[in-house]
């Protein structure tokens, strides 16, 4: 499409961000109305339609002249209609993929009973292998398909993707008779609003210090389809007022009237508390996602400006993300088979390994190391630029394989951050909001992409003053991409400090009969 580096990186970030924003749409429909199975099926169909539309529009109109889009033949200009079809297709893909991805993760976890000894362990392991499966699928597209698309065979790559998505849909539907299904719990927005309104109406009410006067609804009357009760916790005491039984509430009960906008059961109040406690942790994961998204944009552009040939074979810069995927696979097995059992044996009070919060903190530390590594490689890439023409595009003699450490470190950090994040949000959200928990993980990736796009724009605006080329110009040999990487390392370090503070403040959800004292998966100790 003839876009320069900064514009292309921003467009990738915006589209990827939109994919994960749609995860909130899928989670809302799943938890509120459709249930996870129906939501997965519908959004997978949308995903297939988007990929078929992209394949058709590329084959019929965008790839002109034939074979364009490689390193030598640029594609011609496209009409507004052709560009409109392209953007409609890729945002249908964003809607379909974003809508089903958090639900497919939660739906898979639903197939295991966490109260059962063996199934409970399998449920924890499921998230690791789910993330591994995502990455193994990406391995094929980032190597085989990446190579063909680098040669201008874009339509072929899109058709293969469409066929894969269709096969996935068929496989998903074939398993229908064996699935465990859970009913949706109704609109969570109305339940949250009821707590806030009821608490504000009783802001002058006096509360007992032990919380014994709070309203507990009978399971048969509960609107949340038999979800487990959440025990009362300290903190956010102003919300507890929504569960205080006033004299007017007693009169309503005698007459058989129940007004949820005046009186809410304590489990409903605790739902709101759970989400409020999750938000600071969630906000701290956004900066990590800014680091993660560089792999799909600036890492590729950095690699394209390095030596990409071995003999007569050219290595597609995008295929270097294969080292990230291999790193994910290695570290998932290494963590589950070595680190987790070892830490479990070293702990005196519990046989469990690292908690989810501890793993996410480790992921942030490794992310800082990845950005420092990328910055050092860029310094050397500039050092080995062609001395005859240092400002020419793609003239560095430094081989692209020097990028392997930064990709490997990103992969290792994903295992600790994203797998830990999936487990954490699934464990710490109430039963009726499990898809929302997975969507929080996806949405942090989304906002990370948007923040990355904003950060690139700000950096380019500041660094191009006084007619300077800026840190990320079209020709990276004239810029300072290393400074951008080091800036991200500094921001991630600051984020790590804030994260540790938020993690120490966090209190785990307490479901009736689920956890013993000091045995909560969200606990964090330094």
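Here the Cβ of each residue, glycine as well, is placed from N, Cα and C on the backbone.
The model shown is predicted, which means the values in this text are computed figures rather than measured ones.
Under the heading transmembrane segment, TrEMBL lists 12-29 (among others).
What TrEMBL records for 41-63 (among others) is transmembrane segment. Beyond its flanks by at least six residues, the transmembrane segment (41-63) meets 26, 34, 69, 75, 78, 82, 85-86, 88-100, 103, 152, 154-155, 158-159, 161-162, 165-166, 168-169, 172-173 of its own chain at Cβ-Cβ distances under 8 Å.
The transmembrane segment annotation in TrEMBL covers 83-100 (among others).
The transmembrane segment annotation in TrEMBL covers 121-140 (among others).
Residues or ranges marked as transmembrane segment by TrEMBL: 152-174 (among others).
Positions annotated as transmembrane segment by TrEMBL: 278-300 (among others).
Long-range Cβ contacts of the transmembrane segment (320-339) within its own chain (Cβ-Cβ under 8 Å, at least 6 residues beyond either end) map to 125, 128-129, 131-132, 135-136, 138-139, 142-143, 295-296, 299-300, 303, 353-354, 400, 403-404, 407-412, 414-416, 419. Annotated transmembrane segment per TrEMBL: 320-339 (among others), in sequence order.
Long-range contacts of the transmembrane segment (360-380) within the same chain, counting only residues at least 6 positions beyond its ends with a Cβ under 8 Å from a Cβ of the stretch, are 281, 285, 288, 291-292, 294, 299, 302, 354, 398, 402-403, 405-406, 409-410, 412-418, 420-421, 424, 481-483, 485-486, 488-489, 492-493, 495-496, 499-500, 503, 524. Annotation comment: TrEMBL describes 360-380 (among others) as transmembrane segment.
If you look up TrEMBL, you'll see 440-464 (among others) marked as transmembrane segment. Under 8 Å from some Cβ of the transmembrane segment (440-464) lie the Cβ atoms of residues 6, 9-10, 13-14, 16-21, 23-24, 98, 101-102, 278, 282, 285-294, 297, 418, 421-422, 425, 429, 470-472, 480, 484, 487, all in the same chain and six or more residues away from its ends.
Listed by sequence, the residues of this chain that lie at least six past the ends of the transmembrane segment (484-506) yet keep a Cβ under 8 A from its Cβ atoms are 277, 280-281, 284-285, 287-288, 290-291, 294, 298, 357, 360-361, 364-365, 367-368, 371-372, 374-375, 378, 456, 459, 471-472, 522, 524, 526. What TrEMBL records for 484-506 (among others) is transmembrane segment.
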